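The following features are taken from TrEMBL:
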- ARG150: site 'Required for activity' (SITE)
- ARG150: N-linked glycosylation site (CARBOHYD)
- ARG157: site 'Required for activity' (SITE)
Amino acid sequence: MASPSTTPLLKDELDIVIPTIRNLDFLEMWRPFFQPYHLIIVQDGDPSKTIKVPEGFDYELYNRNDINRILGPRSSCISFKDSACRCFGYMVSKKKYIYTIDDDCFVAKNPSGEDINALDQHIKNLLSPSTPFFFNTLYDPYREGADFVRGYPFSLREGVQTAVSHGLWLNIPDYDAPTQLVKPLERNARYVDAVLTIPKGTLFPMCGMNLAFDRELIGPAMYFGLMGDGQPIGRYDDMWAGWCVKVICDHLGLGVKTGLPYIWHSKASNPFVNLKKEYKGIFWQEEIIPFFQSAVLPKECTNVQKCYIELSKQVKAKLSKVDPYFDKLADAMVTWIEAWDELNPAGGSAKLANGSA
């Protein structure tokens, strides 16, 4: 019998996007799982530095000079000296699916001691439906060995398309700086063998270091904001994208899954450096989150781009009073969509975004 590894799932339909400032030796560990796929590497920081990629990988590499050349004046919407630069990779990809991973994330082992093929699990999550409108107490009902429980409405059992698969991490948890400071030695050793759909109307903190999504369904909303160099905030890039994405998925009837797969997060970032980056965000999030919780998109917003432009208007109208930064961010959201549409003129996301293609 042929082994499943002979034909990797979605081999020609998925790009792996990696933001980095260093040589990508970590790919050696991922070789059995990543080598069949195309990589898009977004080099942050000094563009004159040469990044080494191990032999045998199919990849394209973009540095800041490439971003400026390809986007021209619109390159201002791509963050510099921040992992938010990864979203440039989403924009230039031509594939239906994206998996993004940080370069300090290694292959984790399951409780049986076997290496976890994170990419394979993300693909399974994306290719099975989600159930955002009614919670199944056995978590993901489409998983082998599970089903819908008694009392689950039959009319909702078909589910909806899954737009996002949010994976988790063993070893170093994804904590903010204050939590890092008070729990410097804490490590996550708990492997929970579950995937669940995040219910409609519920926001979540999206971590970008082990994340997959359907680019055609939700790609234009996966903007990681204006962070890092020259900005008053950092480390909220994936959070911002996650809040925008969830509001839009709820509006368009798309699903977001979280749980498996796990990766091994190898090193904690410096909590004092992180505190400096997060400081304003820690205050601002107390107003940003209620903003997203109450955001309503009109029925005329029938695709992701329209939803995102509408959200940018609401950001400008309601969050500018928090700080002038949000004016700038709202403008960058519009610039992002303009750049996205320029590089993706077919509008694939527009055709599929309402989940009823």
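Glycine residues also receive a Cβ, built from the backbone N, Cα and C atoms like all the rest.
Most other Cβ atoms within 10 A: among the recorded sites ARG150, ARG157, that distinction falls to ARG157. Separating the Cα atoms of ARG157 (site 'Required for activity') and ARG150 (site 'Required for activity') is a whole-number distance of 12 Å.
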